[in-house]
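Undergrad: One structure, as structure tokens, below. Some questions next.
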Amino acid sequence: MSIVRMTDLDLSGKRVLIRQDLNVPIDNGQITSEQRITASVPTIKLALEKGAAVMVTSHLGRPKEGSWTEEDSLAPVATRLAALLGVDVPLVRDWVDGVKVAPGQVVLLENCRMNVGEGKDDQTLARKYAALCDVFVMDAFGTAHRAQASTHGVIRFAPVAAGGPLLMAELDALAKALDNPAKPLLAIVAGSKVSTKLELLSNLVDKVDQLIVGGGIANTFIAAAGHHVGKSLNEPDLIPTANQIVADAKTRGAEIPLPTDVVVAKQFLPDAEASVKALDAVDADDLILDIGPQTAQRYAELIASAGTVVWNGPVGVFEFESFSHGTETLARAIASSKAFSIAGGGDTLAAVDKYDIAKDVTYISTGGGAFLEFLEGKTLPAVAALQARGQ
């Protein structure tokens, strides 16, 4: 990958601007999950250890450009960052036209989405960002799919543009999973709708050996195979598409295994009575809310024999205890597997947390939309810009 890495650069005495993803949930001025802040600390520490004058910026929420509001301020983040780094981290409010910072110091530059032109990747703004630094470091994989002034434009104009450790770890893990995977490569793609993950399914079916589908997506594939799905969430208009994906898989010698048993209920409620049924016994008023134990065991065996596992989405309504067992079985199979495993997507990360398997998954992507777009085979604007500068 032709990207200059921050870890390879001499940063002594250099002004370094780092774009991090510090977009954390804040409730009444209190940070409710600091995972992204914690993740950014090693990169900032490394820049300080290398003798740089460090400027860090990030977006937070969706503020109106050109206006400052307290709820969109990075002030709580600056406080927490200072505690984690053990150094002062002043917050600089008006920073576009110049920042005072000395080698060995770090400042946090206020929410970059407050700057006029940030969202539209304005060239004038991007050039101003670039003028602040000797080296620009893109370390926010979660925003790498957005072409904005702080994630794309600045890369074109900075004297040197590099990928930070977090971004490079993410790209390295994804490349290992998709470009050069240990075989067999198994992907789990689940979600409510085929339509939202159509590009993902179409791209993965060209790469994988097995593709496990779950949730509402699986219901559409079940219906496409000629089975009744009752009142379950599915997309009848996408049955031809599902059939095409199955045909494409067959042509490649890949497999899309379907459930043989499912867990159903009459109502979509946490305390609805759950029944395990064979796939061909689903009634007209049934809702399929999870895979059955027999299917979960079969999928777990496929995971156990995989060389690489890519996991995006829980296979049932895992928030409801009665319909969580399929997702739990697969999560535990991934945790105990020797395969290279990568998990990503909001609901997937919630399942990883629920079953406490983070330490047993090789790589957990915090990229969200960027992770999905990478899996879809799309070029991420920030990555493309870094590659162009690395030539």
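Glycine too: its Cβ is placed from the backbone N, Cα and C atoms.
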Undergrad: Which one, Arg5, Arg93, Arg146, is listed by Swiss-Prot in the same substrate site as Asp21, Leu22, Asn23, Arg36, His59, Leu60, Gly61, Arg62, Arg113?
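TA: Swiss-Prot names Arg146 for this substrate site.
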Undergrad: Lys197, Gly345, Gly346, Asp347, Thr348 bind ATP according to Swiss-Prot; which of Glu170, Glu301, Glu319 goes with them?
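TA: When Swiss-Prot describes the ATP site, the candidate it includes is Glu319.
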Undergrad: Find the one among the binding-site residues Lys197, Glu319, Gly346, Asp347 whose C-alpha lies closest to that of Gly61 (substrate binding site).
TA: Gly346
Undergrad: Spatially, which candidate from the binding-site residues Glu319, Gly346, Thr348 is nearest to His59 (substrate binding site), comparing Cα atoms?
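TA: Of all the candidates listed, Gly346 is nearest in space.
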Undergrad: Using DSSP with the three-state reduction, classify Asp21 (substrate binding site) as helix, strand or coil.
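TA: Once the DSSP labels are grouped into three classes, Asp21 (substrate binding site) ends up as coil.
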Undergrad: Counting Cβ atoms within 10 Å across all protein chains shown, which of the binding-site residues Asp21, Glu319, Asp347 comes out on top?
TA: Asp21
Undergrad: Max CA to CA distance in Å over the substrate-binding set Asp21, Leu22, Asn23, Arg36, His59, Leu60, Gly61, Arg62, Arg113, Arg146?
TA: 18
